[in-house]
C-alpha cells in the first residue's frame, strides 16, 4: 500500500529575522537519506586523508633521519678514504723497501699482484652500511697498527743487508790479475839464494803490462815506491782489512782515491826486488798477514 503524500515529503521552513514572510521548501524523504550517506562518506574521507597525512609526515621524518645517517656515513667514508690514502703511501714505501731488499738479495718479485678492487654492489641500507663501515674501519685500523712494525722491520732488514753487502763488496775476494799462482803464501825457498824465507803474500804470474784490478772496494792509502815491492799500492777496505799490490810497472790511481772492486789500479811489471813480471798480492787483517787464497773467490785464479 502506498504511503500518503505527506509521508513522502518534508517541508523545510525558513523564517528570516526582522522580515515578514516565511520560505517553505518541500523536500522528498530520500533527500535526508542521501545527506546522511554523504556525511558518512565525507567523514570517512576526512579520516582517510588524516591518516595519509600522518603517514606522510612520518615517512618524511624517517627520510630525514636516513639523510642524516647518510651524511654522517659520507663524512666517515671520506675520513676512511684519507686513512686509506695514507696507508697506501706507507704500503708503497714498504713495497719500495721490499723491492730494494729483493734487489740486494738478488731475488725476483714475489707472488701475483694485488687483487683488484672489488666491484661495488647496490645501495645498502643504513644498518648494512654501518656494519660495512665498521668492518672497513677495523681492517684499516689493523693495517695501520701493523704497517709501522713491518716498515721498521723492512728498514732494519734493508740496513743490515746494505751493511752486509758493503762488507762483501769490501772483501778483497776479486782476483786482481788473471794468471796462475807461481808462489804461495808461507815459507818457501828464496828465489834469490839457498835459504828459506816467509812469503808474505802470493805471486800471480801475468804478462808485463797486464791490467791489475782492485780486489775489493776501499780507499787507496798508499801509491808509490817501496824498496822491496817497487811500484806498489795499498788499499784500505775497512773492517780491519788491507790489500797490497807490488812490482807494478805503472800505477793508475793516487793516494786518497776511492776504488771499487774490479777497477783497474795498476799494470803488471817487475819493479823492485823481482825475478820477472808478476803481481805480488798481500792481505792483512788488523795488521796480521793472511793467506790471500782464503779471501779470493773460488780459491783459484781467473782463467786465460
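Even glycines carry a Cβ here, placed using N, Cα and C.
The feature region 'Disordered', as given by TrEMBL for the ranges 37-59, 60-82, 83-105, 106-128, sits at 106-128. Matching 30-54, 130-154 against TrEMBL, the residues noted as transmembrane segment span 30-54. Helix, strand and coil counts from DSSP across the domain 'M23ase beta-sheet core' (198-292) read 1 helix, 57 strand, 37 coil.
Note on the coiled coil (70-97): mean pLDDT across this stretch is 72.
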